[in-house]
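Here is what TrEMBL says about this protein:
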{"type": "TRANSMEM", "residues": "40-62", "note": "transmembrane segment"}
{"type": "TRANSMEM", "residues": "83-109", "note": "transmembrane segment"}
{"type": "TRANSMEM", "residues": "139-158", "note": "transmembrane segment"}
{"type": "TRANSMEM", "residues": "170-189", "note": "transmembrane segment"}
{"type": "TRANSMEM", "residues": "209-237", "note": "transmembrane segment"}
{"type": "TRANSMEM", "residues": "249-272", "note": "transmembrane segment"}
{"type": "TRANSMEM", "residues": "284-305", "note": "transmembrane segment"}
{"type": "TRANSMEM", "residues": "312-332", "note": "transmembrane segment"}
{"type": "TRANSMEM", "residues": "344-364", "note": "transmembrane segment"}
{"type": "TRANSMEM", "residues": "385-402", "note": "transmembrane segment"}
{"type": "TRANSMEM", "residues": "422-443", "note": "transmembrane segment"}
Amino acid sequence: MGSKFSKIGFVLAVAGSAVGLGNAWKFPTLVGQNGGSAFVLLYLVLTLGVAFVIFLAELSIGKLSEKDPVNGYKTLAPTNKKTWSMAGFTMLGAILIVSFYSLVIGWVVKYMYFSATGNLSQTLEESEKQFTNLLLNDFLSQFICFSLIFLIVFYVVSKGVKNGIERLNVWMMPTLFILLILMLFYALSHTNGFSEALQFLFVPDFSKISGTSILEALALAFFSLSLGVGTIITYSASLPDKTNFITSTLNIILINILIGLMMGLIVFTFIFEFGANPNQAGPGLIFISLTTLFAKLGIVGYILGATFFLSLIFAGITSAISMIEPFAFYLINTFKMSRKNALILIGLIVYILGNLCILSTLSITEFKILGMSFFDVLDYISGKIIMPLGGILAAIFVGFVMKKKALEILFEPYMSGVFFKVWYFFLRFIAPLAVIIIVINAFK
Ligand code: PFF
């Protein structure tokens, strides 16, 4: 990425990467499918105890090497440089993610269009039909919306991440936040649904937790903070000096959790208020619940809906950009490719994979691998295999391979000695072990 971010630019870029459809789409869906509160609690514990710890490890690799993931590992490894550089290739996981992620942003585009043209359904059943119809039968809309997002995302990356993102995020984040607060107030006025949603999200019931749901919570914590696929390493390579990155990281994590919880409260209030089952709607949960809400509000709802979906599109785009940059940065550094050529190559892969995702959910072409659609396969491999692997490798590398002295110098201005010791201990022992146990437990 070359030059450095401005201080606020770095925070905005990382927050822009973290906040996205993970909060608005994955979080409520997974909470619904995994029984609510106990899953939320697990997610919070894993975010602070594992993801936060690994986040700082990835940040250290980026900041100390000022390189892309592959060259970053290579530069910092005292020995076995070639072997360690392989760990950087977990960044390819982000290319898998951006392929299906851009399609989901495409669905949001379609819903913005539905809102703007007053085409939302009044009942949950109708909304559910509308969503299934988009996925099963409407190739053209998905193709157009996906292609549009694809072009925008690659256009912004081609202009250089720093300029593009900084301007976008300054507006996008506050708008999304204000809209969420407005919607939360409206949710509050539906006392029954709201109190059921509160209970569903915050009164833990551990009977619903299984090995697979623990892995889901871990994968969500990684996904939500953009970990394990090179994004944080790459953005931290441009972290300006003398930035208190501990406070920045904590703020980003807090905002990220807050937005997820607000989304969850809003979505579930209306799911309960309209008498639906939180577990049934699947990936369409937010589209189904929120559109019904917007439709019930009439003209105000349509305006609110269109603005809300627009800000989600922006949130998604800033995340998608951060998935492409690591691989682009690597190609530019290693093969001296021009940014344009690197992006043409990556674009080709993403465009093909994305279109395969569309085809894989259509009822006429539906193709499955081991019973999963191609869309779900990409989601599964990236989220449950590559991200945890990338996280463990970063933890082991920073905890056992890199020189401790360099870390102490990096952290000293912003972290007390005790805090450093606790972090270092978690990094070496707790985080990798937790990830390994969770993954093995889910697969056994
Ligand atoms: N953190 C993003 C979200 O929650 O929507 C998704 C994401 C961004 C995942 C960047 C991975 C990544 F590298």
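The backbone N, Cα and C atoms fix where each Cβ goes, glycine too.
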Selected stretch (most C-beta pairs under 8 A with the transmembrane segment (40-62)) from 209-237, 249-272, 284-305, 344-364: 209-237
Recorded stretch that, among 170-189, 209-237, 284-305, has the most CB pairs under 8 Å to the transmembrane segment (385-402): 209-237
Two-stretch contact, the transmembrane segment (422-443) and the transmembrane segment (170-189), at least three Cβ pairs under 8 Å: no
Candidates 83-109, 170-189, 249-272, 284-305, 344-364; stretch with most C-beta pairs under 8 Å toward the transmembrane segment (209-237): 83-109
Tertiary contacts of the transmembrane segment (249-272), as residues 6+ beyond its ends and Cβ separation under 8 Å: 11, 14-15, 18-19, 22-24, 27-28, 31-32, 40, 44, 47-48, 51-52, 55-56, 59, 173, 176-177, 180-181, 183-184, 187, 190, 192-194, 196-198, 200-201, 224-225, 278, 281, 285-286, 289-290, 292-293
Stretch with greatest number of CB pairs under 8 Å, the transmembrane segment (312-332) reference, 83-109, 170-189, 344-364 candidates: 83-109
